[in-house]
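Some notes on the structure that comes next.
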Amino acid sequence: MSRFARLLLIVALFFTGAWAKTVKETLRITWKEGAPNGQARELIYTNGQFPSPTLVWDEDDDIEITVYNEMAKNVTVHWHGLDQKDTPWSDGTPGLSQRPIQPGNKFVYKFKASPPGNHWYHSHEKMSLVDGLYGAIHIRPKGDRTGLWSQISQDKDDIKAMENAAHDPEYLVVSDWSQYTSEEYWKISTDSGLLVFCLDSILVNGKGEVYCPGQKFLQAELAPGLVEDAFPPGTEVSDKGCFPADLDQVQGGPWNITKRPDLIPPRVQEGCVASRHENATIVVDPSRNNGWVSMHIVAAATIAQITFSVDSHEFWLYEIDGNYVNPRKFVSAVMSAGETFSVMIKLDQKPGRYTMRIPNSGASQVLGGFAEMVYKGCESEEKTGKAYLSYGGNPTSPDVEKNSFFPWQLDTDHMSPWPPNKPRPGNADEEHLLVLGRVGAPYNYTMNTKYLYPVDFQNDDPLLFYPNATRDTENDGLVLRTKNGSWVDLILQVSTLPGDTSSFEHFMHKHGSKTWRIGFGAGVWNYTSVEEAIKERPKDFNLETPGLRDTWITAFSIGGEAYWSVFRYFVDNPGPWLFHCHIELHLMGGMGIAILDGVDAWPEHIPEEYQLC
């Protein structure tokens, strides 16, 4: 090698190292009493705080995180939205990539900080997300985003200001909260024979209150037409805003089990007890970044479907699930459990205190959530501004409804990737039909007609190390296998199983890769291929500008009409990846499936430190 060539190599290595640095983090997981909404219960703390610390890295950093389990129960940590390319052993999913971290033990996760954007991390052991292990992740990008910001403003100062604002955003981790731990909550359902999904609070950055505005107020806050379309005449919510637990429209069936609503403890469904505590306050400075502020929002909810709005402030939605999208302006946006949004807000209003309204917008419960956005220097305690949402999440005017983001409406959920990124047209190489719904009990959920994914499935023999462990067994119905380099279509059908024709929506999350939603329609999927469906229903498909995400809603009709969705992805990341509903009750009830992507190129050289003993 010549002296000049060696010099070039040294320079190249220098700049490569300048981009990629090693970042080491330590997370200590503990269990103790706390009262984030003013009412005490035991919960998970991470490094002594709740929610877990926000982690900020640069794209392509080498990340090394040591997790110490100082609880008396198992834990794992999943890095939601990170692709884990070439590091499937660090995905944090028990039974697929690792064994659970047992009490007193530790586990070291190593991976690249990729892709850039807004992500989050959370526990993935049983229903323990309910107990509070979740935090935001922000991976700052290397690339130029001028083309993204120029869709919002052509002003050069604005473009630079938005880039700076996005580099240093505000973080909102939004979660739902119950007075019961995850184990207690699940036991209520199995003891009573009823699916219970009534909550106490919506928290923002671990802060909130318990509101008891009265039953009549809550009844008036029901979404227009909800009772008429979905429930028997005269159905009323409780003083917590919850529908009666034993309604057939809620529980489905009939199931061959005994329903015991009398075994639901007091204050679960009704018997609201208010508590004054504190709501999160986000202080914003209109003198910085030309008056622009970016907010990264994590829907760390376990049941609720939340709606985000800030009084008197429009926002530009520019990122979903860590993927940049062509920005669109809204006044409110519905987020499903597991999703992440990034929004850009212009601070162009009178300095003051503006309420951030973040209610549950799903059909499960009328429940309000709040925080405050306060202009820096504002000394008044009085709130100001025009509300876009009511307590229960209803638009306050027809104009608000027209300018809101609804994931179940394709005209508003047309958020195409920036820069353009579309899937292969025509047929995929593989197609898999998954029929979702309930089987046997109100709390049992399946993704393939009948099989329930156990929460401890393959915990002792993770599929990364034993990919053929389920072959020739009934458990192989819980596993899909794909080939490396193939295009795959996942066809999801909802509301067709016996006893589950009025199924609630599901929030479907795939580990290891994002998917394009290329098709979506009402009815029963009875086509021999996606290609046939495209020919017969071309208006229900979009292969030119489909959205690209890792979490999608399966739309539903409250009246019971069936729906299907088609998700396409390219297999280039061999490993065992969980595909599941991000509603914790549904996953606990069995709504998951293991996808072994690239079985013909399975990881052979697993680092020694990750090898099983």
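Every residue gets a Cβ built from N, Cα and C, even glycine.
What Swiss-Prot annotates here:
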- 1-20: signal peptide (SIGNAL)
- N74: N-linked glycosylation site (CARBOHYD)
- H78, H509: Cu cation 1 binding site (BINDING)
- H80, H122, H582: Cu cation 2 binding site (BINDING)
- H124, H511, H580: Cu cation 3 binding site (BINDING)
- 171-359: domain 'Plastocyanin-like 2' (DOMAIN)
- N256: N-linked glycosylation site (CARBOHYD)
- N279: N-linked glycosylation site (CARBOHYD)
- N444: N-linked glycosylation site (CARBOHYD)
- 468-598: domain 'Plastocyanin-like 3' (DOMAIN)
- N468: N-linked glycosylation site (CARBOHYD)
- N484: N-linked glycosylation site (CARBOHYD)
- H506, H509, C581, H586: Cu cation 4 binding site (BINDING)
- N526: N-linked glycosylation site (CARBOHYD)
Would you list the DSSP helix, strand and coil counts for the residues of the domain 'Plastocyanin-like 3' (468-598)? 20 helix, 52 strand, 59 coil
Cβ neighbour count (within 10 Å, all chains shown) around H509 (Cu cation 1 binding site): 25
When the pLDDT values for the domain 'Plastocyanin-like 2' (171-359) are averaged, what is the result? 94
Name them in sequence order: residues not among H80, H122, H582 whose Cβ is within 8 Å of the mean position of the Cβ atoms defining the Cu cation 2 site. H78, W120, Y121, H124, L129, Y134, A300, A337, G338, H509
Could you give the Cα-Cα distance between H80 (Cu cation 2 binding site) and H511 (Cu cation 3 binding site), in whole Å? 8
Near H580 (Cu cation 3 binding site) (Cα-Cα within 10 Å), the recorded positions in question, chosen from N74, H78, H122, N468, N526, are none
Coarse DSSP state, helix versus strand versus coil, of H80 (Cu cation 2 binding site): strand
Looking at the recorded positions H124, N256, N484, whose Cα is closest in space to that of H509 (Cu cation 1 binding site)? H124
Entries of N74, N484, H506, H511, H586 which, being recorded positions, have CA atoms within 10 angstroms of N444 (N-linked glycosylation site): H586
Running the recorded positions N74, H122, H124, N279, N484, N526 through a 10 angstrom C-alpha radius around C581 (Cu cation 4 binding site) leaves none
I want to check the contact list for H586 (Cu cation 4 binding site): same chain, sequence separation of six or more, C-beta distance under 8 angstroms. What comes out? Y445, H506
Which residues, same chain and not among H124, H511, H580, have a CB within 8 angstroms of the centroid of the CB atoms at the recorded Cu cation 3 site? H78, D91, T93, L96, H509, W577, L578, F579, L587, G592
